[in-house]
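As given in Swiss-Prot:
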- Asp112: Mg(2+) binding site (BINDING)
- 168-258: domain '5'-3' exonuclease' (DOMAIN)
- Leu179, Val190, Ile193: K(+) binding site (BINDING)
- 192-197: region 'Interaction with DNA' (REGION)
Amino acid sequence: MAHLLILDALNLIRRIHSVQSKQHPDDVAAQLAATDITMQRAVNTILQEATPSHVIAVFDSEAPGWRKAKYAAYKEGRTAMPDALRQGLGQLQDSLLRLGIDSLVSETDEADDLIATLVKPLVANDHQVTLISTDKGFCQLLDSGLQIRDYFNKRWLDHAFVQQQYGLQPSQLVDFWALTGISGMNIKGVPGIGEKTAQQLLSEYGTLTQLLDADATDNKKLQLVQQHREVCLLAQELVRLKDDIPLGFNLKDLRYTPPA
């Protein structure tokens, strides 16, 4: 059985760079150098803990993807990557390569969809897949068998985490976010439906489809959801990860060979 380790690269790098930019506020070159060194240390620790047979780092594209084409306000207002870091990504990718880790960089697809595409066939064939990320959006993939490790908080984002955080099953998370929206992505949910109400509705009805089809007589919250059907369905589409992107390589290309 193979064990693929996936690094959500910018999720890791941007958090490291944020710390280093505070420690070297007036020196962008020092920020990048410190980010590079700290990233390498972090990745070495991750490799030692995970002991993978295969590994890849996945980077986001800067180009607008299908979500932006579908919904023009997608991720509006999000803090842009600092220019110095953007210009230094090639250096960081070279450092990863020296550690034995290739980088997947798409011109058109978001890292989240690329990761979901990597995960799907491997877990279906009983291979182990561990993702290093703090992004809770990946928890929608937990039922597939994916393991998610939050490196910074030293915790697993697993079924128990989802139950504690949301009171739901991983399979219900897409519908949960379709109701509440996701502010960090500027995805709108149903006005007046917060996390507690969304959890209650999904605990009772199971899925967004059942919520939209249910008899809403004498249930104002349900009426509210049904009045915002199109908002919910758009958010559901935007939140759900695509897992069918042609990648052009296979598992054997990702075999991890530690540097000599």
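Backbone N, Cα and C atoms are what each Cβ position is placed from, and that goes for glycine too.
For the binding-site residues listed here (Leu179, Val190, Ile193), the lowest count of other CB atoms within 10 A around the CB belongs to Ile193. Straight-line distance linking the Cα atoms of Ile193 (K(+) binding site) and Asp112 (Mg(2+) binding site), rounded to a whole number, equals 26 Å. Secondary structure at Asp112 (Mg(2+) binding site), as computed by DSSP, is helix. Rounded to a whole number, the distance between the Cα atoms of Asp112 (Mg(2+) binding site) and Val190 (K(+) binding site) is 24 Å. Excluding Leu179, Val190, Ile193, which define the K(+) site, the same chain contributes Ala178, Thr180, Gly181, Gly189, Pro191, Gly192, Gly194, Thr197, Ala198, Leu201, Leu224, Val225, His228, Cys232 within 8 Å (Cβ to the Cβ centroid), listed in sequence order.
Within the same chain, the residues at least 6 positions away from Asp112 (Mg(2+) binding site) whose Cβ sits under 8 Å from its Cβ are Asp135, Gly137, Phe138, Leu241, listed in sequence order. Within the region 'Interaction with DNA' (192-197), the DSSP-based counts of helix, strand and coil residues read 3 helix, 0 strand, 3 coil. Mean pLDDT for the region 'Interaction with DNA' (192-197) in this predicted model: 96.
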